[in-house]
Every structure is written in structure tokens, then in C-alpha cells.
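The block underneath contains the structure these notes are about, expressed in C-alpha cells.
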Amino acid sequence: MIHTDIAEILCVKPKTTKKTKTMEEDVKKTTTMKIEGEVVVMKKNLLDFKDVMASLLDRVNELLGRRVSLHLISSHQPDPANEKRGRLGKAAHLEKWVTKIKTSVTAEETAFGVTFDWDESMGPPAAFVIKNHHHSQFYLKSLTLRGFPDGEGGATAIHFICNSWIYPNHRYRSDRVFFSNKAYLPSETPELIKELREEELKNLRGNEKGGEFKEWDRVYDYAYYNDLGAPDKGPDSVRPVLGGSPELPYPRRGKTGRKSTKSDPKSESRLALLNLNIYVPRDERFSHVKFSDFLAYALKSVTQVLVPEIASVCDKTINEFDSFEDVFHLYDGSIKLANGHTISKLRDVIPWEMFRELVRNDGERFLKYPLPDILKESRSAWRTDEEFAREMLAGLNPVVISRLQEFPPKSCLDSAKYGNQHSSIRTEHIESNMNGLNVQEALEQNKLYILDHHDALMPYLTRINSTNTKTYATRTLLLLQADGTLKPLAIELSLPHAQGESYGSVSKVFTPAEKGVEGSVWQLAKAYAAVNDSGYHQLISHWLQTHAVIEPFIIASNRQLSVVHPIHKLLHPHFRDTMNINALARHVLINSDGVLERTVFPSRYAMEMSSSIYKNWVFTEQALPKDLLKRGVAVEDPNSDNGVKLLIEDYPFAVDGLEIWSAIKTWVTEYCTFYYNNDKTVQTDTEIQSWWTELRTKGHGDKRHESWWPSMQTRDDLIETCTIIIWIASALHAAVNFGQYPYAGFLPNRPTVSRRFMPEPGTDEYAELEEDADVAFLKTITPQLQTLLGISIIEILSMHSTDEIYLGQRDSPNWTADDEPLEAFKRFGKELELIENNIIRRNNDKRFKNRTGPVNIPYTLLYPNTTDYTREGGITGKGIPNSVSI
């Protein structure tokens, strides 16, 4: 530490060098001006309710002269000690810290005045250094310089958007530097901040930093999914490492640096279950508001603690719903926990006062869940064939259904390994229910569709069924009718051959029936199909294809794209909170014996199965138009805005999604065109090229040799890539996440587990089905304890945070200094508002039956909510957040 730094900390005036005549002449030539600034911060103690002492120590430091200092950095004059860097201005300090910062449990921002002595000849500052000499960290939101000369006789403001935690200075090996909101391509960066730009990226890469990362470390690096298992607990807790091998490929996650387990050096050790302080770079962690909202998530996750108490819910049988009335009681407060002892114990370990109120111990305790949308109109509409089919187009997993292009359906599994896996559905099963069409006519008229989970599940089915799960690989055939709705024609349930997988599958085909035992069998067949779809939704459509695949982009962007890079500014809002939510998911959701394994049918094989699906993941096919073409639900149409025409006109996800996709692409095109004049500017952008190389070779390293990756040699490559990233992080995630509680909060509609096979005639189970179909149904699907745990989790996962930032919104109006991108962003917002109106209009149009269905749930999962600034949050069933934030 140099002597001036020590002097600053101790508030001692350093010994000055005797002025020479030349120095005095230089001083006369300079014109010093006062620059008034405003710094917005949030103190740590406002977030950490038990850390009042930190606030007191900060005040003591302030009184002793250990203050928060800022130095502006010139973009015009070089530093005499390092000509590659801009000259530092005089230190300025935050004013009135002691009187402005209050010890409070409310997370309030505080604005401090700061006055800089600035030499006019140094020009406008391009960056600043901040040093925190206090005891504890604080959140630095922004610095704004007011009244800075604009060179034309007027004055302007210079904005520095920071949004970063500043730890005490001794925690860092280099200065904390922040740049103004002006965007620069690498080649256009002012010479005197180029080195700072490059050094900041090196800091974020960590330079192969070893050991476990600490909360103040700002390191972004890659790791395999090797922290899902707990091999030190025994063989039942071992899980394979995902990523780094051809057999089990996977996107990379953020590195934590935790040590290996004792039993397996390839596996990373885990934190205690209730310890949520998993390392992610501090600025990637939830905001104070989001964390407060999300603590409820942790509360629900420890429902496992209450399992012995919850078992007393039933009056007849343990862990079973005796009737649908029992299930309905979950939503009216009739489920009682008579023993408050466990509740009281749980309450005592929650250190946050506001959340103790969630588990009050004031007498009798009741579990009560909000009524899911699926039940609000009718308690039985969910059981109709129309609703069953409609949810494939407008439910919580509308991204799997495809057009049947050959009959019978064919399998793509290796016949040498799995035998004959082709479908056993034949024309005689379905033609009598096809409204006068035969199969060939229906194929030619694009009327046959399929929900096909057969190939995804069959390789794992023997192992899955060796657990408590008893399920099938399913295919569901549907007919597109004249009114635009889909009608189920048949459901095929398949099992591996008893003699082994190589002997093929053994299948049974079930067709619609309404009455008698045949009707009950059909309801069970739909339940098995729903179990498949629920598991695929949670593991693949939701976790893998949004959460997991986007994390490598976040890591690569922070390692290779400077905060002043225009593409960093474009993408950064779409990465908010994702690393934090993914880390928490690894900790309590997708880990061995975690919530997912407890509540979804693949159980311990769930994540391994998602790795198998990742083998076929193609980045370019995540573009919505290409996805629709791949699934055959659209055809190419050069006359349409997106180049495709839907074959199902009333396909709410696709109709709304294409409008959102088009709006995003227009916005990205206008933005990128402003900074990139031609293809060469993309080719010569060193940061973009490094970013793209690292993303392919490290972030998605198991797919580094795939030929489908864009070459990133044209502006169109960049535009399409950024559009796909934003689409995945915002709209695609919203479509598959926020409908969870509205549709699956009533688990019989979206069961996640099946516990026994289809009853065979002549068995006790078949007799039970004949006698009481509802009891047989409930004994087949997710049992009571898993239901309580499952809906507790999806209730939280379906909630918008009260600090949600929706597509078309930014957390600061000054996110860039460039006027044209700001205007383009306003146009983007206006377009999203038009889409909101279009969605409302379509939902009210009675011609579009799939937009509401028998359950009367308007399709709003892709309603942008750009116009909503209320910050109310909760389960709304609408709104596209900028990022995968829950």
C-alpha cells in the first residue's frame, strides 16, 4: 500500500514535496472546478437484520477518518506514473455518512452528496475508483455527476450505473473501477481506459484462482455439475458427474471452488441443507427485496422437516388422499396440523423476523394453499378430453407437441440396442373417432398431432420402475378439428420387454371412453401421459432448456465482454438472478434426495435423463420459428413476418410467442446495427470473438465440435444469437414457469408420479377401479406427502418477485448514454404494449377456444406486463421477466 493510501485511511495529511517554480506555473495554467455528484448506496445492515454492529463500526470508522473515497479518472490526460491510464482526480468523500445512514430493518436507498475538485483540462471523466475503508460492505447503485460542461456552453449529467457490492478495501487485490454509461466497442475505447477495461475483465476471470471462493470474490469460472451427489453419505447418495464426457454431456455451471468429497475426488462437497450461502459472484445474488421474497422458498423446502407431523392429516390412511374432497380441502384451510411442536422448532431457527410471522405458533395450525386457476371455474373441467389436449397448446408445457408426419409413429432409438420401439397404434384404433377422415387424409391435411415422450423415457424406464415409481413411456395421438381444438384419439403406454431392452417394447393402446370402467381406464391413461409430460416439463422444458443452458452465457459474458461493451449492456438484464437461482436449485431441488427427486417420477435418474436429452440440444433451434418448423407445427412462409405459418391457427403459445420473438428481434437488430456498421466490425471485435469462442469451447464445451454453431462472422450471426439468448431467458422461461401453480397447483391435473401400473381385469386393483374410480385414481398418482411438498415448491416458483423487471423495462433509465439505442428501446416497449392489447383481444375472441378452454383460464403466460410498474408480485399467471429469475 502506498503512503498516500495510508494517509487517506488515517486521515493524516501526507508529507508534500516542495513545489518547484515549474510546478507552480503548471498550477496556474489549470482551472479547477467543483463537480457536484450524488452517490446512491444501500447499507448492509439494512438487509442483515442481525448485523447492527456492522453499522456501528462503520460509524466509528467514519469518525476516525476511515471513509469512503472516490477518484474520478480522466479520459483525456494520462497518469504521470502510467501513461496508458487516465489521470486520477483528487479524492472526494461521501458526505454526512453518520447522519444519513440509519440502523433500520427497512432496505432503503440513501443518496449522498459528493464534491469533486476537477481540473477542466482533464476533460470529462470516463471512470472512477471507489475505496471502502469502513468495516462492512455496502451496495453501490450509482454515481451521477451534475452540471458538467458539455463543451458547447451548456451543462450535462454523467451517469455511472454501478449496481455492485463494495467490500472493505483490504478484501480486494485491485481497485474497484466503474465506467460511465457510454458504450464502446473494443477498438473505439478511449486509449486511457483501455487498460482499465482489460484489467477489469482479468479480475472477473479470477486468473485460475484456487481454493474456495469467498463472498467478496468476483470470480466467474466454469465447473461441471459434480455437486449434485453426496457420496460421503453412502452409495444411495452418489450421483454421476454431468458434463465433461460424451456419455453425460451438460452445460457448465458457475464454479465455487469448494473442496472435493472424501469418497470421490471428482465430486464437489456440499453445504449443509439450511445454508443458502452458496458461492456465486456477489453481484449475481438476489437483491434485498428478492431475497426477502425468496426466503419463503427456503421455508417451503424444509417442509421435509414437517413430514412426520403432516402424516396426521388423513383420518383413514397415512399418505393417501381418501377422496377428491380431501384434495380440495388443501385450498380451503381444512387440512389441520394438530401438533404445533415441530412448527415451533422451525420458527426458532428462522433468523428473519418478517418470516417468523409465516410460521406463527398461535394455536391450531392449518395448511392452506391458494386456489389454483384450474379449479376456479369448475372442479371437474380439468378432466375433460378437450382440456387435456388444450394444455398441450396453452398449458405449462406447450413446447413439445409436434405434427405426426408418418403413421404409425416411428422411434428413433437404436434398434440394435432397444429392439423394435415403433408404435403399436393402428388405424383400427383411431379412424372411427376421426370425424369422417381416414389416417392418410388426416396426414395430408396436417390434422394429426402427437405428444411423444416414448424415446426420451424408454432408455431409463427399467431403472425408473425399479424405484417406487411404476410408469410407462407414452405416446398421445390427437386430431385437429374444424373448430381449432384438438381431440385425443389414442394413448399408447409402453414398457420394456420383460426379457430385456433389446427385445423391444410391450405396448397397450387406450382410446377415449366416457362411462363405466372403460371411462375410468381412459382417465388413468391420460394420467400416465400427464405424468410423463410433467416430468419432461420440469426436467427438460424448464430446467435444462432455460435455466441450465443460459448459465454458460452469463459466465462467458462476464469473463469476456466488458461492462462498457454494447452487447454486455444489451444482454446483462437478461442474466439477472439466474446464477443465484441455479445455485439454490443445485442445493435443494435437483440434488440427490432433493425436492425434484422426491416429487418427479424419474427420481434419482432425473438429472441423468436430462443429460441424455441435452445430447440433442441445438442452440440455433431454440429460435422460436425454427423450433416450430422442427416440430412440424408450422411451415415456411416467406410472406409472413417471421417466415413461418402456423398449421394450428389457435396455438396460443406459438401465436403470442411469434409476436414476442419478432419484437425482440426488431429491437436487437436496431441495437446491433447502431454499433456494428457491417460484418467486418463483428469479425474484428476482439471481445465478441473471445466471448463466442469461450462460450462454445468451455461454457457448452461438450458441444464444441458441433457444426451448427453460428460462426459469428456476420452481423446477422450476432443479431440471431442475441435474439435467441433473450428469448430463452425471458419469454421461453416465462411460458414454462409461471403457469406451474395455475395448472399444477392441483396435482391430479398434472400428476408428477405414478405408483402402480394400469389395473388388469381380474385383479383387486381392477375391482377397486370398478367400485371407486376416484380412489383408484388417487392411489395411482402422486401420494399426499409428495403432493404437499410439490405444490409448496411450485407455489413459490410461480410467484413474481416484488422487484420484478419485465421485458421492455430497465432498472435505470440511464443504462446507456447513446440516444439512438434509448429510442429503439422505447419503440420496443411500445411494441410490447401493442402485443399486450393483442393478447387481451384474442383472449376475448370466442373463435379461439384454446385461449381459455373448459377451465376458463385466459392465456396470459406470454403477456409481457411491460406496462406494469406496481411491483406487486405474487402468482399472477402473466408477465415476462427479463431473466430466468425464479
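Every residue, even glycine, has its Cβ placed from backbone N, Cα and C.
As given in Swiss-Prot:
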- H542, H547, H733, N737, I886: Fe cation binding site (BINDING)
- 35-180: domain 'PLAT' (DOMAIN)
- 183-886: domain 'Lipoxygenase' (DOMAIN)
- 234-266: region 'Disordered' (REGION)
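Local packing around the binding-site residues H542, H547, H733 was summarised as the count of other Cβ atoms within 10 Å of each Cβ; on this measure the leading residue is H733. Listed by sequence, the residues of this chain that lie at least six past the ends of the region 'Disordered' (234-266) yet keep a Cβ under 8 A from its Cβ atoms are 209-213, 219-228, 278-281, 284, 548-549, 551-552, 554-555, 579, 582-583, 586, 591-593, 604, 607-608, 610-611, 614-615, 698-703. In terms of DSSP helix, strand and coil, the region 'Disordered' (234-266) has 3 helix, 4 strand, 26 coil. Residues W543, T546, I581, V736, L797, V884 surround the recorded Fe cation site, their Cβ atoms falling within 8 Å of the Cβ centroid of H542, H547, H733, N737, I886, which are themselves excluded. For I886 (Fe cation binding site), the count of additional Cβ atoms within 10 Å of its Cβ stands at 24 [all protein chains shown].
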